[in-house]
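As annotated in TrEMBL:
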| type | residues | note |
| --- | --- | --- |
| ACT_SITE | 39 | active site |
| BINDING | 39, 226 | Mg(2+) binding site |
| BINDING | 40-44, 52, 56, 84-86, 88, 90, 207, 213-215 | substrate binding site |
| ACT_SITE | 87 | active site, proton acceptor |
Ligand code: IPE
Ligand code: IPE
Ligand code: MG
């Protein structure tokens with residue numbers, strides 16, 4: 001099994017360390033869904049005396065590497081937090097730069113993602129995006145919609161509270177229209193009204209950058225997710241980090257409120 005996976009990597013990318021880590025991964029027990037808060041770009045750049053935009057550009061490379069690894073391993077869903085509902089508060093030039101970077105990423109990567117059978121999806125209030133990034137995202141979703149490999153969710157103008165609020169509005173409308181009774185509102189219905197409808201909840205949440213919070217990310221879906229936090233800044237995040245996170249995840253015992261398995 002290990003041979004089959006390493007065969008997919010180009011030679012120069014396998015450092016000794018990555019190979020050792022790969023051997024430690026149990027491919028039959030991969031997390032189905034990995035969520036990542038791609039944080040620390042600004043600090044990474046500022047520590048180098050560079051503008052924050054430099055960090056955002058470097059962060060794209062980290063995203064590329066992680067998507068490729070998840071696709072190669074056979075992870076089913078990868079959700080990356082790219083822009084929050086609160087990030088609109090940032091200076092206009094940083095927001096525009098991030099939007100331009102998104103368009104550039106999709107322009108450059110779409111072919112490769114498509115070739116790798118990746119299905120692109122967006123979580124968030126897409127209608128709040130400016131026209132160019134909105135079009136780029138819609139095009140990427142449309143072009144990759146029949147792919148059956150990794151689902152790459154890009155969280156854009158995403159907020160967990162907004163997501164839940166929207167779900168509540170939809171459900172309230174259903175009750176008002178007489179489609180359901182109040183007593184029929186349950187966790188399954190709520191889950192089906194979220195942006196992640198039909199997808200498994202994340203098994204593993206990764207947050208680099210040394211901050212220990214969820215910053216309005218997947219508030220509903222993270223109920224029993226395993227967290228892996230690291231001080232590494234997102235632009236420095238390598239394949240090895242994700243492999244370490246997966247290995248660590250596989251050593252944990254998930255009880256979901258029950259008791260240890262005998
Ligand atoms: C994450 O990096 C990218 C976005 C939030 C868009 P930051 O820009 O938050 O970088 P730091 O956290 O300030 O270092
Ligand atoms: C979370 O990072 C959002 C993204 C990575 C897109 P932030 O930098 O916006 O979060 P806070 O402000 O540190 O909580
Ligand atoms: Mg940040």
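Positions of Cβ are set from backbone N, Cα and C atoms, glycine also.
No curator has checked TrEMBL annotations; they are predicted automatically.
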Name the residue among the binding-site residues 40, 42 whose Cβ has the smallest number of other Cβ atoms within 10 Å.
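Output over binding-site residues 40, 42: least Cβ neighbours within 10 Å is 42.
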As a check: which entries in 39, 44, 56, the recorded positions, place their Cβ less than 6 Å from an atom of ligand 3?
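Only 39 qualify.
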Within the set 39, 42, 87, 88, 214, which recorded positions show a CB-to-ligand 2 distance under 6 A?
39, 87
Near the Cβ of the residue listed as 'active site', how many other Cβ atoms are there if near means within 10 Å?
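There are 20 such Cβ atoms around the residue listed as 'active site'.
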Out of 88, 214, which has the highest number of nearby Cβ atoms, where nearby means within 10 Å of its Cβ, if these are the binding-site residues?
214
When the Cβ positions of the binding-site residues 40, 214, 226 are compared with the atoms of ligand 1, which fall under 6 Å?
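Among the binding-site residues listed, those whose Cβ sits under 6 Å from ligand 1 are 40.
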